[in-house]
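These notes are about the structure you will find just below.
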Amino acid sequence: MKLKETSSNAQPKKVNGIHNHDKQDSQNFTTSTNKKKQVKKTKEKLLTHKQEDLEIIGENHIATSIETPLRKDAFELDDDTKIEKIAVHFKEIMDILGLDLTDDSLQGTPKRVAKMYVQEIFKGLNPENKPATKMFENKFGYNQLLVEKNISFHSHCEHHFVPIHGKAHIAYISNEGVIGLSKLHRIVDYFARRPQVQERLTNQIGEELKKMLGTEDIAVVLDAAHMCVSMRGIKDQTSTTITSFYSGKFNEEATRTEFLKYIQ
Ligand SMILES: [Zn+2]
């Protein structure tokens with residue numbers, strides 16, 4: 001690739017969010033020894049930048065994809081094995097913190113936490129736990145908004161592993177099918193039971209409802225408080241974060257306004 005001429009005070013370009021110093025630096029070499037040294041330096045620089053970027057992503061709760069980043073072999077271990085392994089590691093964390101694990105109150109904690117991770121708060125990672133849905137025929141021919149509001153949910157921030165809790169508001173316009181109202185709650189709950197980022201949670205619920213209901217006309221609004229904002233970092237006790245997903249008719253102002261009026 002031909003390098004573009006850059007003025008001396010030009011800022012390095014950003015490639016995938018990482019400052020790209022190496023192309024510019026490569027123009028300044030004279031000897032191969034210098035080159036090697038420079039390459040090493042550049043690599044170190046890039047690595048530092050990458051780590052800085054990762055810190056920034058985590059601290060600012062930026063999602064990197066709509067899919068939860070899971071490895072292909074995520075479910076090769078069964079739940080019991082996962083619980084055993086997590087318990088060992090959690091015990092190690094407690095131990096490092098200096099806690100006396102022979103104390104009656106603490107002895108059972110590693111196993112208890114491991115069970116809670118696998119069977120409760122992160123059970124939504126496993127597609128086997130996805131709620132089954134039964135569609136019913138839309139016998140009444142009801143073709144207006146259906147809004148289910150104030151669905152409470154608990155999730156966990158994937159950057160700090162502390163709770164996010166709030167309310168979900170969902171709306172759809174039935175195409176041919178309808179689903180039981182409790183299914184809307186179960187879908188929210190399923191995707192919430194993962195290490196999450198609120199934007200991703202919102203989109204995952206929206207996309208799933210589109211598929212499930214066979215309609216584009218879906219709206220999802222989440223309003224949630226993040227413990228990592230209130231109990232650490234900036235320590236704000238009152239703020240909440242609102243995210244939204246609109247598709248189909250909810251991109252039209254009238255429909256969206258009607259929905260927003262109902263959830264006020
Ligand atoms: Zn966080």
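Placement of Cβ uses the backbone N, Cα and C atoms for every residue, glycine included.
Curation does not apply to TrEMBL; its annotations are automatic.
Note that the structure is predicted; figures quoted are calculated from it, not measured.
Applying an 8 A CB threshold to same-chain residues 6+ apart, the list for H160 (Zn(2+) binding site) reads G58, M227, C228, R232. Among the features that TrEMBL reports, Zn(2+) binding site is placed at C157, H160, C228.
According to TrEMBL, the compositional bias 'Polar residues' annotation covers 1-11.
Under the heading domain 'GTP cyclohydrolase I', TrEMBL lists 88-263.
Taken from TrEMBL, the feature region 'Disordered' applies to 1-42.
Mean predicted confidence for the domain 'GTP cyclohydrolase I' (88-263): the pLDDT average there is 96.
In the three-state DSSP scheme, H160 (Zn(2+) binding site) falls into the coil class.
When Cβ atoms from all protein chains are considered, those within 10 Å of C157 (Zn(2+) binding site) total 20, not counting its own. Around C228 (Zn(2+) binding site), taking its Cβ as the centre, 19 other Cβ atoms fall within 10 Å, counting all chains.
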